[in-house]
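To start, the structure itself, in structure tokens.
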Amino acid sequence: MKFVLLFGVLLVTLFSYSSAEMLDDFDQADEDELLSLIEKEEARKDRIPKHHECTSNKHGCCRGHLFKYKCQCTTVVTQSGEETERCFCGTPPHHKAAELVVGFGKKIFG
């Protein structure tokens, strides 16, 4: 009887230890996933949407449907005669053509 009781206590102790280890692993995985999501959200907030100014951050444009938007710049002459560069995030013409072809392909085959 003592042997069965000792074996039972040992079994319960091992079971509680292993379940505690598994819970710690799950908690760590949840924390890692949460940190990853927070980092992605921060990176997304730093991105510049389409048609917004990107003069100070030319590589920070968002992604479009298929391609990343490109920072397109033009030179503007102000009323005082100064030339300044103004940039905006947009879709280049060759990307627009590719998106149009893909859109037609989806309508025909999709």
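Just so it is clear, glycine is given a Cβ too, placed from its N, Cα and C backbone atoms.
Features reported for this protein in Swiss-Prot:
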type     : residues : note
DISULFID : C54-C71  : disulfide bond
DISULFID : C61-C89  : disulfide bond
DISULFID : C73-C87  : disulfide bond
SIGNAL   : 1-20     : signal peptide
Around the Cβ of C73 (disulfide bond), the count of other Cβ atoms that are within 10 Å: 13
Pop the Cα-Cα gap between C87 (disulfide bond) and C71 (disulfide bond) into the table, whole Å please. 6
Which whole-number value in Å describes the distance between the Cα atoms of C73 (disulfide bond) and C54 (disulfide bond)? 9
How many Å lie between the Cα of C61 (disulfide bond) and the Cα of C54 (disulfide bond)? 7
Once DSSP output is merged into helix, strand and coil, C61 (disulfide bond) belongs to strand
